[in-house]
Amino acid sequence: MEANRPSSSSSSGPHLISEESTLPSYISQTDGKPSPYSLSTKSDALSTPEDKSDEALQTRAPSPPNRSQAWLRERRERFSAANPTLYNRYVAVKSDLHRKLNRRRVAPKPLLDIHIKSRGRTISIPVERTIVRFTRLFTAPWIFAILVVGYIIGLAFFTRAQYFLIPAESFIGCTTTFWAANNQCGLDGQNCMPMNTSQVFDFRCPAQCKNVILQNPRTVGNEQIAFKPLIVGGGDAEGTYRGDSFICAAAQQAGLVSGSKGGCGRLHLVPDFNDFLSTTSNGLSSIGFPTVFPLAYRFSADTSLTHCSDNRNAALAMNIIITSFLFLLLRPKHIILFWSLVCIGFWHVSLFSQPQRNPPAIDEIFGRFLPTLYVAYAFWRVAFRFTMPKVTANAPLESCVLYLSGFWVGVLNNLTFDQLPLSRLTSSDIGKRSGGIATLVVLIVVVTICAINQVREIRKTGWLPYYVGWYIVGGLVLLVLALLPDLSLRLHHYIIPMILIPGTAFPTRLSAIYQGLLLGLFLNGVAAFGYDPIVQSAAVLRQDATLGSLIPTFFTNTTTWNPSLPLANQTLTWGPLPEDPNSPWSGFSLLIDDVERFVGTGMEFALQGLNASIPHFFRLAYISDSQTGDFTKAATLWPNGTWVDPAPGPSY
């Protein structure tokens, strides 16, 4: 600034700053350019009496910054410019961190908008842009509103055709039987025997009953069956099945119902049938039982029921088409798209793929639906709102594939992950099935690779310490829950998405796949099984497995058995109750041919009522007032008089 310019002042006018006066440091100039804090962008004069007043000047003048703050800001800017790799983003101010995060949250370029450069020319194949251009007409909100109304009406008709055109009492589940396991039918099966053992029943089976299997070994005679449907018999000319066989699985083996569409049939009860033969048919195998059982049944196709087809496959096709249209054609606001996925997935599981009962209880479904909406909104807030808008922007086809591929795999968990030889992530289940440990190892490797890649993406944004901190807190909470006495930590498959979804709040293609898969798993879990607790007692986790209790000892064995005596003169004996005064056991339960024939405190049972021409199987357990202990494995008496001692260990 020129130092010798004449002053311009007036005694009568308002006092103005003279160009010869000493200017504050914050309006000084350097190299002829205005400083960041100059009062005017003009180069020679700050103000004149003709164009500015004191009031205008005071209005435009910023307050002078603190010298120490200016010095620190200058040093930080110089350091970050000179040492970009050493700049610590984690100590930056919060606004700076958000700016970096937003810079990383950029929409991925659509893969299907292809640009090929060859010999100086660019060949463009704008698949995504073409879809966007030609479908823009369908993005009008009123079209979406009409579709919503039409979808609800269509869903109502599907549900009516699925459940409400035949009597509700005709529906049976995939595990429905006439006879319960072990001694649950009472002495001589009195609690399970119908008044008329020649009754006829019409029934309807759902689809996919072949996939419903025993999760623990079940004893049939002297054999055990596990990890397949319980089917005993069916190999004779009339197709006779033991009364405790799964009815729908047996009907599918007999060819009466379809595995994909279910079906209807008629069941005829048969009393006291002997020698159930094994067979394999329609992809299902049964086990034999070479002795008598109080109740059996056969099938016939002459049912009076109509509307017997299970419509779950048609409903699935409709829902997949609708969700695809949402991504490709309608393209509503992202939060509306998210809520559409939540509602469609939840109601598909509740009404079609895995209803908790047949027909489904609509009031119970709504009881689970409301808390599901609250959890889903949390998913939107912590993850989906950061990823879905960026991934779906200008890429309807790609985002449709990314989100829906994982989403429907998760929603149809009963057909996908449930088919793996690993039913529950508990120590007792991991090694129970062949291939369970190998499956767990593969899952751990895949999850670890995905987690490492996701951590790498989070680190780029600067949010890694924030996420690590919260996941450490969550891990400590789980540790406390795992250490609660008399309870076991159980991470149901609806809980795992609640843990992992917050880590997918970053706009990458893999995050979109993860979000679709995890959202589908969550909806499947809460719709099919409800909000089971994260900690459960050992009794609940055990289900129908053995207790691990004491088992009695047969005094009758290969040494004491006299095969020369007729069966009518033989007596079966066993050891006394435990002498421990704290023992809960007060008596015995004896199963003969899988039916309870004795209950009490005695230690012997006369065999004169048994048929000597057929084999017999004996199992024994302690009982108390409230429960039955584990049964022994079966001791076998063959028709030729040979006695075979039971194998060591318990049975169910």
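Cβ coordinates come from backbone N, Cα and C, glycine included.
Keep in mind it's a predicted model, so treat the numbers as computed, not measured.
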Exercise. Transmembrane segment per TrEMBL sits at which of 392-411, 512-531?
Worked result: 512-531
Problem set entry | seg_contact(the transmembrane segment (335-353), the transmembrane segment (512-531)) with at least 3 CB pairs under 8 angstroms, min sep 6 | yes
Seminar exercise, completed: Same-chain residues at least 6 beyond the ends of the transmembrane segment (365-383) with CB under 8 Å of its CB atoms are 335, 338-339, 342, 346-347, 350-351, 498, 501-505, 515, 519, 522-523, 526-527, 530-531
Problem set entry | Positions whose Cβ lies under 8 angstroms from the transmembrane segment (512-531), at least six residues beyond its ends | 341-342, 345-347, 349-350, 353-354, 356, 365, 368, 371-372, 375-376, 379, 383-384, 387-388, 391, 399, 402-414, 417, 450, 454, 492-498, 500-501, 504
Exercise. Mean pLDDT for the domain 'LCCL' (168-287), as a whole number?
Worked result: 94
Exercise. Taking residues 6+ outside the transmembrane segment (137-158), which of them lie with a CB under 8 Å of any CB in it?
Worked result: 311, 314-315, 318, 322, 325, 329-332, 336, 347, 351-352
